[in-house]
Amino acid sequence: MQKQYIRTYLNNKFLAYITAAAFLLFAILMGISIGTVSVHPMTIIRVISAELFPFISLENTDAMHSNIIMNIRLPRVLLAGLVGASLAIAGAAFQGLLRNPLADPYTIGVSSGASLGAVLTLFLGLSIPFAGMFTLPLFSILFSFLTIFAVLLFARKIERSMKVETIILTGIIFSSFLGALISLMIALTGEELRQIIGWLLGSVSMRGWAYIKIIIPFFVLGAILLLVNSKELNAMSFGEEKAQHIGVDVQKRKMMVLIAGSILTGAAVAVSGTIGFVGLVIPHLTRLLWGPDHRHLLPLSILMGAGFLIIADLVSRTIIAPTELPIGVITAIIGAPAFAIILIKRKNKL
Amino acid sequence: MLSVQQVTGGYAGAPVVKNISFEVEKGELFGILGPNGSGKTTILKMLSGILPHKSGDILIKGKNLSQYTPKELAKIIAVLPQHSSQAFSYTVKETVSLGRYAHQKGWFQSWSSKDEEAVNRVMEQTGISHFQDYDIQQLSGGERQRVFLAQALAQEPEILLLDEPTNHLDLSYQKELLDLLSVWSKDCGLTVISIFHDLNLAGLYCDRLLLLENGEVNINHVPNEVLKEGRIREVYRTKIEKLPHPRVPAPQMVLVPQRSQAESQSVKRIDRSSLEVKEDLLVLRSPFPLKTMSSGVTGSGTGWNRIFLNRHVSKNYDCSDHRAEMADFVREIGFEPGETVGMMTAVYVEDYSSKFYEDGTFSVYVVVTAGVGNAVDASKSEAHSYHLTPGTINTWVFVNGNLTEEAFIQCIMTATEAKTRALYDQKVKDAVTGTIATGTSTDSIMIAATQQGENLEYAGTITPLGKVVGKGVYECTVEAIKKSQRRIKR
């Protein structure tokens, strides 16, 4: 009886995972294949297989193609995927925790906090001993966490029930304030920090494998932390009191979710700058397609978020080639209208 | 099961509840009452562990509340709050399934067949199985409340805490929910602690009530002791009256609305001018409803009525359902049976007798129609066979004054005694036994009062009201008997 139940339950969601995974695979292949030099998908599969399994020979393959795939396009696509996945799952978790379909690392100001942390690190030339290349992401994460904490504290001060709009408004206030601090620091330094502006707009270009090494441990840690809390997120999306009545250790679980969200956002910002709206659009879309149950919403958001950002990056570098647009521009062009639509729909429902 | 000992606490600042103690036994349905801001919800939040208390102890099954982990507590206590928010469109079943959280073990907290059974059972019990795949945001307020009740029950709790559970429910769901709670507490030993806004519902269903006033216990006792007029008036600072429930031994409280200035100033009274004599019908229309106690065909018992009819029917009037026939008649002549006291008589109603009496602060108007064809000596009535023919002495007493329930009953006694005396003096005889009759076989009486002006507490024979009623009924009855006898002789 029990086994049978699990099987039927999985069958219902099986299609969802297949679809999302297919979308991601399609995005990866497209992302690697399209560019100034186009590469045939079969070549991509052969090259990557050869890299993974050394016994497969690489006959008939152009060394240039192999070089483009392994050194330029694959790391870029993987980085975009990891950043997209991180932002999407963090957004899904924030939305569940705050019972707010408009929450995402960008709209509630966490991304700005992470950016400030990163810029501050560069500005002051900070370096944590032994942390090495992880200094920047660690500061980003710390600032993400401080920001979300300050935002929630501030929102609660304004209004105990912490309405959706209050949190968003608070997020905007914090974003502008933190943005101003960043601008101030850029103005105070010379030319070399000006290039940071490009980075702040968000980009995954020319990062290489080193950045993937930076984000992976944080992504894995953050995602696991959130996935083990998916049930609690379900409960907390009915309100913190309700969750406590059901038996959830709300204080502990809430802290875990906030920390995990900050880790994911901080690390993503550290490697790619602020890319807005991924965390808003993807969880919303995933919820529309397959329901709000966080046990599935979180993993599906990872797949969908990764695929989405890979495609967005592809569009950003090909739409007016050879000029490359910042990826944040593409996500904002898709995301801001989506945000408006969700807001209008919510208002109509009330 | 649950013991609250000298608990004080609330939100930051001044404590909302002060030094509260009470115990709740297993299987009890325990109600918490009190005006707004008296600390009801605060207590409930403390019991459910949401709000910490400053001092005192809350013991659940003998163990201090703070020693339970959230999961342990959720297996004992479930809560149905007044409002449950839902930001996302979970299905009904997903929502109910969340209630199993505390029962699932291990890292992956796998869903067992026991969980599935429990969820299906509670959905069945709360009658939501048929929409288990619906989105909760599509449901009505009442349906949603049942979904959250099912969620709470899925926790398989021993104690259920409810905060005004009937708030969003219409009448039938209120009753359904409380009936369910009552059954579960009696049959399954579920302990139910609920806040009530509605004193009457609380009185009907609870075993015991805790009445709070300004964060302190006013009384903790059975409903009959708690729901006393004086106490409720004082605690809620409002005008209420207590009534017995018509079917079960539970007190019911009703609000008394404040009369408008204009209404209370213009004291209207009932006298001759209100009476119309039509062919075969006496009609008295009151400009406002009167409180009545009567044995009429329609509008009998106690009530508020505006129209008073005394209708002539033929001596051979025979109808299997005279009440329905009378109601139809009332409707036909353009009145509402719901606000009409209707009587029947075989006497010609033109032979009525009416008199108006004024006694300083109050006045009485008496209307009698009398025929003595069926005269009976009540002390020897066993000699008669039972046969219902239309009533022959119909007595109306209108009192321009404010009567107590006792005064109404005493009015009936006094009027009846006066009528009997009138029959005696007229030497009306019981045709079967040959003795002096005390009345007829189907007499009707009605006392109606304006409930304005002078307070008249009693109406016994030697009270001011009793004297007037006795005299009036006697005089009118004598006159009416004479009139109808004169017609027979003619």
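Glycine residues also receive a Cβ, built from the backbone N, Cα and C atoms like all the rest.
Taken from TrEMBL as is:
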type	residues	note
TRANSMEM	A:14-34	transmembrane segment
TRANSMEM	A:74-94	transmembrane segment
TRANSMEM	A:106-128	transmembrane segment
TRANSMEM	A:134-155	transmembrane segment
TRANSMEM	A:167-188	transmembrane segment
TRANSMEM	A:208-228	transmembrane segment
TRANSMEM	A:257-285	transmembrane segment
TRANSMEM	A:297-315	transmembrane segment
TRANSMEM	A:327-344	transmembrane segment
Leading contact stretch, A:14-34, A:74-94, A:134-155, A:257-285, A:297-315 vs the transmembrane segment (A:327-344) - CB distance under 8 Å: A:257-285
Highest-contact recorded stretch vs the transmembrane segment (A:14-34), from A:134-155, A:208-228, A:297-315, CB pairs under 8 Å: A:297-315
Paired segments the transmembrane segment (A:208-228) and the transmembrane segment (A:134-155) in contact, 3+ CB pairs under 8 A: yes
Stretch of maximal Cβ-Cβ contact with the transmembrane segment (A:257-285) [cut-off: under 8 Å; candidates A:74-94, A:134-155, A:167-188, A:297-315]: A:74-94
Positions whose Cβ lies under 8 angstroms from the transmembrane segment (A:106-128), at least six residues beyond its ends: 90, 94, 98, 134-136, 138-148, 151, 167-168, 170-175, 178-179, 181-182, 185-186, 188-189, 193, 196, 200, 261-262, 265-266, 268-270, 273-280, 339
Contact ranking winner - A:74-94, A:167-188, A:297-315 against the transmembrane segment (A:134-155), Cβ under 8 Å: A:167-188
